[in-house]
Amino acid sequence: MITGLSIHNQINKKNEPVKKEQNIQAFVRVRPFSVYELNQGVTTVPIRVSDSSKEVLCEYKGTTRQYKFDHVFDQDSIQSEVFNIAVKPICDEVLLGFNGTIFVYGQTGTGKTHTMEGKHGSNEDMGIIPRTINYLFQCLEQSGADYNIRASHLEIYKEEIFDLLACNGNENLNKPLGMFDTQKGFKIPELEEIVVNDRQSILNVLAKSCKRRQTAETQYNKQSSRSHCIFSITVHVKETSVGGEDLIKIGKLNLVDLAGSENAEKSGNNDRLREAALINKSLLTLGKVITDLTNNEKHIPYRSSQLTKILQDSLGGKTKTSIIATVSPSLVNLEETINTLEYALKAKNIKNTPQINQRMSKNSLLKEQSSEIAHLKQLLQAAYDKNGVYLTIDVYEQMKRELEEKCSQQSITEHKMEAQRHEISSMRKSFDEQTMLFEEAMNELESSKKQQQEKQKFIDQFISQDTMLRSNLGSAVQDLSKLHEKLDTMKSTERENQKSIIDSKSILSKRLTDLNQMLVSKLQMGQNELLESLSVQLKVVHDQQTKSNQLIGKRINNLSQLIDSSVLQIQQLNNDDKQQTQPLLKLNKESNDLFMKLDKTIQQLSDQIKIILSDFSLPFFNSNNNNSNNGDEIIDDSLINNCFKLINDHVNKSDLIVSQQNKLIQEFSESMSQWMLHQSQYIIEQRDYQKQLKEKQILNNTQWEKKLLSKLGQVIQQFSKNFTDSTSVYYDTMDNNLQHFEKQFNSINNHSRQQVESLSNNLQQSSTLSHQFESTVKSVLNDHHANNKKVDPKLIESIEKAKKRINQLTDGCIDLSQRQRQCTNQFNEAFTDFTFGIQSQKDILDRVIIEKNQVHEILPLIEKSKSTFKENIDTLIHSLDSRKSIIQSSTNECSNQLNSLISSIPSYLDSAIKVTSKSGETPSKKHFDIPSPISTSSSSSSSSSISSIHSNAGGKENNHQSINNSIKSNNFDGSKSINCDNMKIDTPQKSSTIPITPKSLKLNLNSTPKSVSKNLKSSQQQQPLIVPSSNQLTLSAKKLSNKEYQRLQQQQQQQQQEQQQQQSAKKKKLAIEKQLMITTSPTLSLVNESPFSSPKLSKQKILQDQIQPPQPPSILSQLNSTPISFLQPQQPQQQPPSFFNNLNGSFNRGNNSIDFSLLDDDSDSDNSDDDVRSLLSSNKKSSRASKNAVVSKKVGLTPSRKLKGVNSSANQSLNVKKSKPILTSLSKKQNISTPIIHSSKPSIFGGGSTISSKLKSLKQQTPLK
């Protein structure tokens, strides 16, 4: 039977693609500079984006790092560009049925939330989430398929999960959600998932949920998100299969806004610091997961953080993932930027295997949902039946099984814990035992170290004492011999010095006097030259100043001429003004006369009219009282009255106009006269002032020329002050006068214009009034003529007469008005001429102003010349004073020094000559005879004696001791070897012993007796030599007090007691040492001093020993008394120290010298065993043929210690170095190889063992340090 499930599985198998691994896509976005960074002027960008937009170049600590990503968004990138390149492909994959995840990671304040959310409400600044929602809805709507979109929004704050889409109740708002591990992964059952139908509703839900997110203000950002935020979108799309069955395609997209990684120092205090710690913890676990995935680790710590639990499938799972890293361009955040880039680069290397989600049929979904509903109903029914929480049987049995499994696991773990406890207890016991043993070993080691340190200190003391004694002895002998030679030379040199000093006194005095005279003459010459040069300079300055004064004088003369010409022009203008004002005055008089005549005619006319009227009215009124009407009388009266009023008004107005014109003309004439007077006075004053200035200038010039040579600086200052004052006063007065003149000119011009305008207005008014009067008179006459046609003929005649008279008067008035017009025209012409004259005066004033400006231009030139002159003179005076003071001081110093030198030379020479006073205490030369050592040729003797010379101040006591006595008296151990050529003694310290094979012993002998030459010949035949010592040793002694003598004796007694104690300790070890001792008959004898060999010391001997402090007896006697033999060291920790470890000195016996040198440790040590074997074999052969043999001692090498040799003279040197074993030989100015004869008795080493095998065993037992 074909079911929907089988069809669904077949479709999924067909559509299931081949599993391919894909890397996580990594993008980088660089934010632009913030407002705060721009205000601070930050411009340097350590990050650069390549042209291909796939690489980031970062300059860090002098190197350029390069990071490659899938795409890099620069500072100018916009939100739509980021969405189209980074997010849109994953959205398309989600619609096809894949799961996708997009991370946004970066430092706090780099724009993660802006990239993910953007600004709500603006189309340009929308983030990834709203653009994704719009794009999904757009694609689904265009496809026309049935779809369902669900959204959830959660945040992880302080490792707790909170639902941002929960209801607004207080209980659920702050309640953290739980996460459970299931077979399908980690799930959050209480997380609310909202079904969304349109884009606007989901955007509104998103805006509300974003507001609930945890934010705070930090040093990076004012509103920084303090939690991880995950916005999940689940898309269900319905499809129909070929068989007509409905299938559902599911895709899920997680948009993750991670909290910002930040430095703890920049996070702030208290809460912000704790939040940053938790944020960094979760990001650290995410980084561990990323690194483990890139390294292909077996275990990946997904469970370490809530974030990695939720996003487990996105990292190395079946989803398509991309990460967007946001970085800052600021140089301050460079380290965080580099960490972010490396973080993203690691994430890019993670490989996912994206798989498409299985398409589910409608029936299967319904079955799953129905089973879940039934399960939930069972739980509800169980809960409703009884109080409390009840479960179904299936759930109870399942829980019971889980409990049993957990109990069994717990028992197993308890058994394991018990076993581990037993193991831990046993381990503790063993550990305690080992610690006890370790402590005991450490204590023993510390005690042994202390003993070793004490012994090493003791050895170092002896070595230092020995080196000091040897070096001081050699140097003292040399110094004493050289002192006497120096004394002899000093006496001769003193005599010569006295002679040379006496000669040098006279020569020096002569030369110094000559030098003094030469210096004085040179100084005088220099002074004269300086004075001449200064005089020349002063002349040059004087010439320059005279030239500048002449130029200034010329300019001033030109200005004075210009001023004179301007004054003449002003006078001419005054005369012209007077001439022009005279016709104006005449016009004024004529106008006054005309107005007077006019007044008279008007008065006459009025009188005549009155007479006529009186004559006319009396008969008229008397004869016709009855016949006349009231209306006619009223008309006549009114006519007459109007006529009189008009005449009176005209007369009054004409009088006013005339009076006003008279006043204006008088005022104008007065003002012009005053102005002319003022101008004339001003011109006179300017002339006088100019004359005074000229006189002052002449006086100043004469005074300046007279006093220039005597007091140059003072005269210049006074002249400059006077000149500046006079010029400033002159120019100030000129400025004031010109300003006053301009003001007066402007006021006169304005006043004259006003007067002319008023005159013209008055004339117009008078002309209009005359015309009005004529017209009124004519109208009145016409009216009278019309009204009085019926009057008597007498009246008519009188009226006609009156008419004639009136006509005459009117004609006269008309004539007067015409004349008045002529006068006004003449006045206007005169005024225009006057105005032209004033304009010409204005031109003259402009010229005067130009001259004033020229004068102002001259002033800075004068000041410049004055300042330069002042500077030149000041510099000259300063240079004169300085040079004068320098010359005087130098001459005084030179003369004083020369005089002091001349006076101090004889006293200095007298004091410098030191005459050596004879004290009588200088020691004289003393010769000490050093006898040659006793040589023994018998082979049966165990050791040859070495004679030691003990010399005192008198040279009376000479004590000789043999080698055997010196061996008995010295505390010498068998663990030391003496190399006679190089005087090398090695003290083993916990190390294996290697025999010393002498290579070279060089003796430079100036005088060798016959026995020595014989021995040298025999030494060439491989025979041992005896060192001769027949010359003398020179010593010097000092006197000692009794107290010092007693103290030295006490010290010597103490040393003898210590020596006895050491000898008693050594007797216990003699049995062991005798078994290893190899004795042969021949020995090498050396001659040396042993001052502590004899028990009795004389006072002179103690005086001799005061040269060096007393030392233990093992210092020199060990060299003389130690037998040269092979000794096996027993118990090296208890061996006494040797003073030969750091040997540095020389032995001198007259002209004979012994050179001691050791080879360096840098030579090859690998062939030491072979060298020893070859030398031993050669020594066995040579011992059979030789009569005298040198027996060496087998010792162990101590750690390398290098010392520089001290060469006291050419023939006396002792160079000591730590080295490999060497061969010893004696020669006179050449190297002679002397073999060493070893005893080949097997009984000494026990069991017939050879020397080489014993040496090997010793090497294996105690290796070299």
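Positions of Cβ are set from backbone N, Cα and C atoms, glycine also.
Swiss-Prot has this to say about the protein:
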DOMAIN    23-350  domain 'Kinesin motor'
BINDING   GLY106, GLN107, THR108, GLY109, THR110, GLY111, LYS112, THR113  ATP binding site
COILED    331-459  coiled coil
REGION    918-1026  region 'Disordered'
COMPBIAS  930-951  compositional bias 'Low complexity'
COMPBIAS  960-980  compositional bias 'Polar residues'
COMPBIAS  1003-1026  compositional bias 'Polar residues'
COMPBIAS  1085-1097  compositional bias 'Polar residues'
REGION    1085-1119  region 'Disordered'
COMPBIAS  1100-1119  compositional bias 'Low complexity'
REGION    1127-1146  region 'Disordered'
COMPBIAS  1128-1146  compositional bias 'Low complexity'
COMPBIAS  1158-1169  compositional bias 'Acidic residues'
REGION    1158-1214  region 'Disordered'
COMPBIAS  1174-1195  compositional bias 'Low complexity'
REGION    1245-1265  region 'Disordered'
COMPBIAS  1250-1265  compositional bias 'Polar residues'
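Other Cβ atoms within 10 Å of the Cβ of THR108 (ATP binding site), summed over all protein chains shown, number 24.
Taking every protein chain shown into account, GLY106, GLY109 are the binding-site residues, and of these the Cβ with the most other Cβ atoms within 10 Å belongs to GLY106.
Around GLY111 (ATP binding site), taking its Cβ as the centre, 22 other Cβ atoms fall within 10 Å, counting all chains. Ranked by Cβ neighbours within 10 A across all protein chains shown, the binding-site residues GLN107, THR110, THR113 are led by THR110. In the predicted model, residues of the domain 'Kinesin motor' (23-350) average a pLDDT of 84.
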